[in-house]
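Straight from TrEMBL, the features:
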DOMAIN    158-217  domain 'CBS'
BINDING   Asp254, Ser255, Ser256, Gly304, Met305, Gly306  NAD(+) binding site
BINDING   Gly306, Gly308, Cys311  K(+) binding site
BINDING   Ser309, Asp344, Gly345, Gly346, Gly367, Ser368, Tyr391, Arg392, Gly393, Met394, Gly395, Gln419  IMP binding site
ACT_SITE  Cys311  active site, thioimidate intermediate
ACT_SITE  Arg407  active site, proton acceptor
Amino acid sequence: MEDGFSAPRLFAQGVSYTYDDVIVLPGYIDFPADAVDLSTRLSRRLPLSIPCVASPMDTVSEASMSIAMAALGGAAIVHCNDAPARQAAVIRAAKSRRIPFVTDPAFFSPSDVVPDFGQDAYALVTESGNSKSKVIGVVAKSDWESLQDKSATVSDYMRPAPELVPASYDFEKVASFLVGGGLEYAPLVAEDGEVVDLVTKEDVERIRAFPKLGMPSLDSDGRFIVGAAIGTRETDKERLEHLVKAGANVVVVDSSQGNSSYQIDMIKYAKSMYPKLDVIGGNVVTIAQAQNLIKAGADGLRVGMGSGSICTTQEVCAVGRGQATAVYKVASFAKDHDVPVIADGGISNSGHIVKALVLGASTVMMGSFLAGSSEAPGVYEYLNGHRVKKYRGMGSLEAMTKGSDARYLGDKLKLKVAQGVVGSVADKGSVLKFIPYTMQAVKQGFQDLGASSLQSARDLLHSEILRFEVRTGAAQVEGGVHGLVSYEKKFF
Ligand SMILES: NC(=O)C1=CN([C@@H]2O[C@H](COP(=O)(O)OP(=O)(O)OC[C@H]3O[C@@H](n4cnc5c(N)ncnc54)[C@H](O)[C@@H]3O)[C@@H](O)[C@H]2O)C=CC1
Ligand SMILES: O=c1[nH]c(=O)c2[nH+]cn([C@@H]3O[C@H](COP(=O)(O)O)[C@@H](O)[C@H]3O)c2[nH]1
Ligand SMILES: [K+]
């Protein structure tokens, strides 16, 4: 007897469904959750060990996020709401190290007086007071605080030059260098002599308290894989050159509606200039859009229009698609061309990730899910007693105005209409902690539906063994916490 709907039948009803509308029926379990393999591809030639990608947004993805996501086995796409040289510098910073965090220490010169330590316990002293000159000592904030004579120069109370660690060392190597050597701190130094960071014993302890890191995303030189966004203007060709020189492993052509002559030309240009570079196109939500971008040479597709948490496109332009339908339709088409699909936007819990992957996506791209982390750009603020970080749409007036110098140069006379909002999200701590828990939850979801890998989920989907149903409003209420006077929702 038939039970539930197959995906083709579910998505052929003329209804735009999103993740919360659908539910996956359980399958048969004959393996432990830990055996679920979430390894995948970001684009045709770029493998990842977890299906997570950080959005190219200026409140999400810069160096710190790129490093942490690559260390976890995912990736981040550095946003392009900045001058090309600045975006390239972010890529270089991310690729200059193999540890999963950035501390961004202060640099002083020996003649400095009244140094500003910021939040740091230590700062580096170099010959000319910048990262490009030789390390000659370290100053501790505590030493400065206990100084009687505050007019002393840094050279009067600095500690001797510390032992240096090559920036190519990964976290475990740096940790054993510090701990094994009984050291308090050590500067990370690149091959060209530039000081990349200062790692302390406290950093090592903090990272060791997080779940153990899995297989990081590394390029053939053993450096972290980092992606970058570009636009579709003439000036983006020059940006692309900067990014490729900086070592970007993949570029995402970043438009809300990717099926345009502008984007098709840009994909063709990028593929002809840099044949070894994977180029991801988007955004798309239909088969016809996907077809054009694949024909132009796209190595990956970003799917989602209006599904983002900060996104007002569907309200403003009346165009878009429910995200579950969009992912299923585009992924079903793209698989026949061996083009991986990124389900972009609308992810607010691990169940959404399971649904996106089960419907054919190879990865999920997340903005709001990551924007409250310590790795996202910006500082924490307090709002009605909650610790929050700012999160804004790249189509919000604020972001458009900020990017106007770079992105909208020449468009100054055009009327700008926002397709996004500015808001804030709750502090979530480090992605190095909550992404491993999220991945464990995704593995449990895969186990419940009887899929031990992304490929096996896809086989179940296309053989129509995997069954779905639409949830009514009441079923959605039932599926959430209900009927309690009060409760606390703790994820891990
Ligand atoms: N995923 C989504 O649903 C949405 C995402 N966004 C995000 O907001 C940001 C801005 O997106 P868009 O507004 O789509 O930026 P965009 O730069 O792709 O497009 C802005 C406008 O410029 C036009 N344009 C693009 N290239 C051109 C060229 N070479 N010559 C002449 N005109 C050209 C486009 O047709 C469009 O009217 C992106 O980061 C995007 O990801 C914005 C809205 C929706
Ligand atoms: O309509 C939009 N207006 C915007 O201003 C905007 N900025 C980002 N995005 C898209 O939203 C995705 C992130 O969505 P989430 O916060 O739901 O993860 C991102 O990855 C983008 O695809 C926008 N969409
Ligand atoms: K939305």
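Including glycine, each Cβ sits where the backbone N, Cα and C put it.
Everything TrEMBL records as a feature, shown here on the structure.
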residue : record              : DSSP class
Asp254  : NAD(+) binding site : coil
Met305  : NAD(+) binding site : coil
Cys311  : K(+) binding site   : strand
Gly367  : IMP binding site    : coil
Tyr391  : IMP binding site    : strand
So which one is it: of the binding-site residues Asp254, Ser256, which has the fewest other Cβ atoms within 10 Å?
Ser256
Close-lying binding-site residues around ligand 3 among Asp254, Ser255, Gly304, Met305, where CB distance stays under 6 Å:
none
Taking the Cβ of Gly304 (NAD(+) binding site) as the reference point, list residues of the same chain whose Cβ is under 8 angstroms away and which are at least six residues distant in sequence.
Gly282, Asn283, Val285, Gln323, Ala326, Val327, Ala343, Asp344, Gly345, Gly346, Met365
Could you measure between Gly367 (IMP binding site) and Gly308 (K(+) binding site) for me? Cα positions, answer in whole angstrom.
8
Just checking the binding-site residues Ser309, Tyr391, Gly393, Gly395: which sit within 10 A of Ser256 (NAD(+) binding site), CA to CA?
Gly395
Among the binding-site residues Ser255, Gly306, Cys311, Tyr391, which have a Cβ atom lying under 6 Å from any atom of ligand 1?
Ser255, Gly306, Cys311
To what whole number does the mean pLDDT across the domain 'CBS' (158-217) round?
93
Just report the maximum Cα pair distance in Å for the recorded IMP binders Ser309, Asp344, Gly345, Gly346, Gly367, Ser368, Tyr391, Arg392, Gly393, Met394, Gly395, Gln419, no decimals.
16
